[in-house]
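Q: Okay, so Swiss-Prot annotates it like this:
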| type | residues | note |
| --- | --- | --- |
| SIGNAL | 1-38 | signal peptide |
| ACT_SITE | 190 | active site |
| ACT_SITE | 389 | active site |
| ACT_SITE | 451 | active site |
| TOPO_DOM | 544-636 | topological domain 'Cytoplasmic' |
| REGION | 575-636 | region 'Disordered' |
């Protein structure tokens, strides 16, 4: 329960009639406070963010949802409502990888509506994915980012991870039922290439066993960027990519050492068979490649080969925004704004080593074995890769696609011996990448992009998203960006800067003006009515006073009650027609105006916050860096 956010409770108690039973029942409730203290949606409302830019405030909710009461397991979420609705309602759920890396990376450095100008100022992200879709960022599994759990209760396999996520979604939709019928897209990057297919499969199973009175969740697509999906192909791609990009010279001493290690890796991959997502012998291949690049205290950045980093990190200090993000998310006013539970006693960290050490998934099959069934079940999948990433490089992604069998074909076969062509993608006159598609699977390679594509190219990434989601803005107007595949524009999507210049927004502004005039007009009407009533009452008392003077009025048996002084009458007038009541009426009427942005949350904006603020841990170290790069390497 948050100490920094005033909560409302739903108390629905039915007491047994028997006295002894009532006491037993009460003791049971006291032993389980959650049985009577339930949060509602307004408890998660984010009133504002410190340092947010000027302009319309985005509608946000954030906070913790308990998924495991026995071990205090809580997942943190941050939700943004979409800015516009194109042709249907959609929700994109974003997950970062690791395992154990926070989805606040995605929220504040990639696809969220804000980015940090510095450690205290937010600016709009011109390529935010919330333009035509609701965005839900979740720190998962338990122990990741703002999420927390008892230290001995981390998840160890991908199946339990997915089960916990189903519990989270079920409870989240109970809080926010208005989104349960949305088209749902599971999106993320890196190790989320394991999370996403497992969660999708768990949702499919849930829908199959669903009682008739519950809502099926409509998973309409999976989106995985630079994903860790198929260790067999992707571990082997390290050397291939290193040779291709000139990182390592064939037959060099370093190359020979890496080749020898790759042989051990291949043997281990054969030994583990269908299992094996994290193989230490294969991780060593990457370490040897990076060792060859260490010069003068620097080494290659494995997430963006165009950059270097300190020799003990090799990319773990990247991207450059991470320092500002860490400082911002540890600020007490930000912690309060995001409704962080007081049970979360340590400060936010990008990646949790405890989660990474425990989620080794030794008994879980790689997600590549789940993708064919999902594709054949009718769920479209989009895989995209930045071509300057080494750790989850595009060569490995292309190899896993080429070897994957689904829907009576292998890879991008259109028919036996015929492969789907690659299409050139040009964005605003510049080569952006290539598209390839067949049998429900789409692949996009981004030119000159790193491990975190939306960090480098936010607007291009949203153009890709809008195409995949089937966003069509022809019905609402607007000026789309010039995005062409093989010279053709295709479906019209909008990826312009915020605020989006659409006719829908112009109509919304016009509605705001009309609502404002109506609110003020109603307030004026009510004020006139109040004045008229007050004038009538005043006239009545004047008339009675004259009657008394003329002796024509009957005197009551309690004459003192009739002797209103001029001062008391003045007080009476001020209460009936004073500024206080007129402003109260105005606020009520102007709710119509504010509801255009806030909808049902208008009452929440007026809530106050109380309680104390617990100080976060001062431990500000970047937990990703470690002495053993092989063990603590993160697939973010």
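Every residue, even glycine, has its Cβ placed from backbone N, Cα and C.
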Q: Taking only the residues in the topological domain 'Cytoplasmic' (544-636), give me the average pLDDT of this model.
A: 40
Q: How far is it from residue 451 (active site) to residue 389 (active site), counting Cα to Cα, in Å?
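A: Per the Cα atoms, residue 451 (active site) and residue 389 (active site) stand 5 Å apart.
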Q: Helix, strand or coil by DSSP: which one applies to residue 451 (active site)?
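A: The residue in question, residue 451 (active site), is coil (DSSP, three-state).
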Q: Rounded to a whole angstrom, what is the C-alpha distance between residue 190 (active site) and residue 389 (active site)?
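A: Per the Cα atoms, residue 190 (active site) and residue 389 (active site) stand 11 Å apart.
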Q: May I ask which residues of the same chain, at least 6 positions away in sequence, place their Cβ under 8 angstroms from the Cβ of residue 389 (active site)?
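A: Once residues fewer than 6 apart are set aside, residue 389 (active site) is near 226, 302, 303, 304, 305, 449, 450, 451.
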Q: Give me the count of other Cβ atoms within 10 A of the Cβ belonging to residue 190 (active site).
A: 28
Q: Test of understanding: give the count of other CB atoms lying within 10 angstroms of the CB of residue 451 (active site).
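A: Taking every protein chain into account, the count is 29.
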